[in-house]
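Report on the following structure.
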């Protein structure tokens, strides 16, 4: 019999048992992960000394004390142990016998050691006997029963584990971080106590810049304090959810693909993304793909018609031969042996036919694109002759078209296809549409009406599914009852195709995705980056995690950090009034579960329109006297839901279905009409959409803001890095486009900084956001402001070279030691970070270079543009003009597009190059004593030039294939040698100086 209240071990499937005190055994005191004593001992013996769920280290001393207490307190025989194990339902590995009454049998050490050896031998023999018994019993069990028991054990095992960074890599990394912090304190003590009087303004500017850089380093470094890795077990997920002969129990997933302008976002790229979704290795009835056309373009609609027809051939081909990736454009363009691991004789023939079909499909898409280049004067018309409803992109009705699905077309083999839905929300003049965030929220409502899958995966139109098992990877976290209940989303890293080999402009963002995100995964989870993310639908509705206890009204929060346990408790609550209101509203939504059918069936209430005190029209609910108090409360709850989610009873009912599915009360014949209603312009008015639920409005980087709100509610996120990248996309590889992409991200961060959602002051009331997680979010919104001290700091070398002054006084031995230790600590931090993350030194250097390039260009413009937009209402746009192109491989890399963002870094390059030349000229004129100070200034200037070198290459373009480094060194060396020649060619000695000065007349 299994005793009630005792959890089941996640490793062996048996009860965890009790400790020596008679209490339920707990292996991890941080997350209470269920693990029995035997499995804990095995984990520790195998050097797995951290919890698989939360990564916290096990208490090895406590485990040894428990073992000693068991050995000394229970002087039992083998029979008594077996009977106890049988009664408690413990695993056979728990059986152990100790014949030693006490460790201390004499004054000398030999008896103690002898007794220990005998005890270990007895334990080893008993384990062998128990294993033999188990094998004999297993031999008597039929194979079918053994398979069933094995499946049960697989189902009981965790679907994912946390793999901590080895201590020999993490401990030195943490030590050097602390050491670097101490060295920084000593360094700033020296800098502040030794001003340069002859160049006081330059010295003060440099110190202020260095203090800001140190602050930025702290914000960036400490969230990487506890990085972790994760492993998933897809086979266990299949064993648990896909049993033979039974319907699949995998959760449904709604895919969101968003696009706006098909002339800027080619329809063929969007179509490849859609095809890769439809061909996923996932149950067909569990996948639905929603394409948001926010530009209401007929080209997008017609391309989806062609795509749905081609999918009838493509999807069965992918699943029959298990090809990767399942986006045809990228599959057929791969340069690899496509016959590897293929054993079916028909594969070559079918692949050749499929490639021909895809090329014909591409020609049809290209024909549609060519036709769409010139819009007819009367507008577009559909095949039946009716005008296209989206001819006016700013004034059109909502449109929904279901192409594929359970009742739609089947593939060429007669099987069903996943549902494909085209959505274009209504747009009217005078309404705020909120760009991508508004489009995503419209998809949330439409999908809730039509399919209502419990999970949502959003992708940009240029990000295709590269790993057909990516959704299964995410479900290993979401569907794990021990892990998934508090997870708001699973974020995958972004990987890109078509980037030049050297990654000149750090398009891969390897340091961010492979270092920073792993560090955040060890805290409260990675930030949301806008694409490649699987959401728990309930987290988008503003609900808190199920396991989060409600905040008591008497509880107070820390006013300085919100979650710091070292602060003194205050007598009065310090929670902001607006946060109290939001928390109470969320608790009402969590608690107000009611039967909408019962409410709708009673017509004894009505709305009346009245004018409020401020002249605002309000709807007042008049309840009949026939209702009792309970029914009144239900009606009031319905009103609160409608004010939150909008006036759609079908949608409101779907929000209460945590496991998804269309409500039983929904009429299938009216679902499309209801879906059209929820994407109307006025649906979001006077609701919480974009404020507390869905994608949050107020910034062009709605992704950061949306994830931040979820973490503030107490949710946590997970970072999933499968061996084969889950998704791949395209990135701008030329200089101007890359800078404008960075400009948009930085502008979004400035907008968040100037909004009420700024992490510096938002979300302290509940204390649900960990303080290191808050530091990471603060870093995401303040990094654009680093551009101001950075551009000042990069100007200092040129100013010093041109004026002959310097920001550092004459160095003493102690000061030299400070500078040397600081440089060594910077190098050591980078090396140790590379060691545990696996990032290459080239990626680190590219990231460092583009940090300077973006900081002195795009980030600077983002700061000014953000302030102009927030305070003056001016929305400044920086135009980009293409000047040249190249059809060769990576030809776009050499495209030069002039934009105002290029002015500041260009100015810094020219000024520093001129400063180097002027510095050498000055040193040549002053003699040998001037060469010593010159080296420090030139080193400083070359630091700036080397960081801006990729920018210089992009600025110069291909230049007839002449390497830019050759041009740069040629100019510098020519200038220096010219100065040397001018200096030595007249060669007038010092003894002749007085003669030259005295010779004034022509006769001298």
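Glycine too: its Cβ is placed from the backbone N, Cα and C atoms.
Source: prediction; values computed, not measured.
For 294 (among others), the entry in TrEMBL reads active site.
Within the same chain, residues at least 6 positions away in sequence whose Cβ sits under 8 Å from that of residue 703 (active site) are 527, 528, 529, 530. Annotation source TrEMBL lists active site at 703 (among others).
The Cβ neighbour count for residue 435 (UDP-alpha-D-glucose binding site), using a 10 Å radius over every protein chain in view, is 15. Among the features that TrEMBL reports, UDP-alpha-D-glucose binding site is placed at 258, 264, 265, 294, 435.
According to TrEMBL, the Mn(2+) binding site annotation covers 436, 460. Within the same chain, residues at least six positions away from residue 436 (Mn(2+) binding site) with a Cβ under 8 Å of its Cβ are 258, 294, 695, 702.
Averaged over the domain 'Cellulose synthase RING-type zinc finger' (7-69), the predicted model has a pLDDT of 70. The feature domain 'Cellulose synthase RING-type zinc finger' is assigned by TrEMBL to 7-69.
If you look at the transmembrane segment (781-802), the same-chain residues 6 or more away from its ends with a CB under 8 A from one of its CBs are 199, 202, 205-206, 208-210, 212-213, 216, 219, 704, 746-747, 749-750, 752-753, 758-760, 852, 855-856, 859-860, 862-863, 866, 904, 908, 911-912, 914-916, 918-919, 922, 937-938, 940-941, 943-944. For 781-802 (among others), the entry in TrEMBL reads transmembrane segment.
The annotation transmembrane segment is assigned in TrEMBL to 814-832 (among others). Beyond its flanks by at least six residues, the transmembrane segment (814-832) meets 169, 172-173, 176-177, 179-180, 183-184, 186-187, 190, 194, 221, 844 of its own chain at Cβ-Cβ distances under 8 Å.
The transmembrane segment annotation in TrEMBL covers 852-874 (among others).
Under the heading transmembrane segment, TrEMBL lists 895-918 (among others).
The feature transmembrane segment is assigned by TrEMBL to 930-952 (among others). Sequence-remote contacts of a segment are chain residues at least 6 beyond its ends whose Cβ falls under 8 Å from one of its Cβ atoms, and for the transmembrane segment (930-952) they are 504-505, 735, 794, 796-798, 800-801, 806, 808, 846, 848-850, 852-853, 856-857, 905-906, 908-909, 912-913, 915-916, 919-920, 922-923, 964-965, 968.
Per TrEMBL, transmembrane segment is recorded for 964-984 (among others).
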For residue 265 (UDP-alpha-D-glucose binding site), which residues of its chain lie six or more apart in sequence with Cβ-Cβ distance below 8 Å?
259, 461, 462
Within the chain of residue 460 (Mn(2+) binding site), which residues six or more apart in sequence place their C-beta under 8 angstroms from its C-beta?
257, 258, 530, 531, 729
Using Cβ atoms and a strict cutoff of less than 8 Å, what residues sit near the transmembrane segment (852-874) while being 6 or more residues removed from its termini?
505, 739-740, 742-743, 746-747, 749-751, 753-754, 783-788, 790-791, 794, 900-902, 904-905, 908, 944, 947-948, 950-951
Environment of 258, 264, 265, 294, 435, the listed UDP-alpha-D-glucose site - residues of the same chain whose CB lies within 8 A of the CB centroid:
259, 260, 261, 295, 436, 439, 461
Same chain, 6+ residues apart, C-beta under 8 Å of the C-beta of residue 264 (UDP-alpha-D-glucose binding site), given in sequence order:
none
Near residue 294 (active site), how many other Cβ atoms are within 10 Å of its Cβ?
22
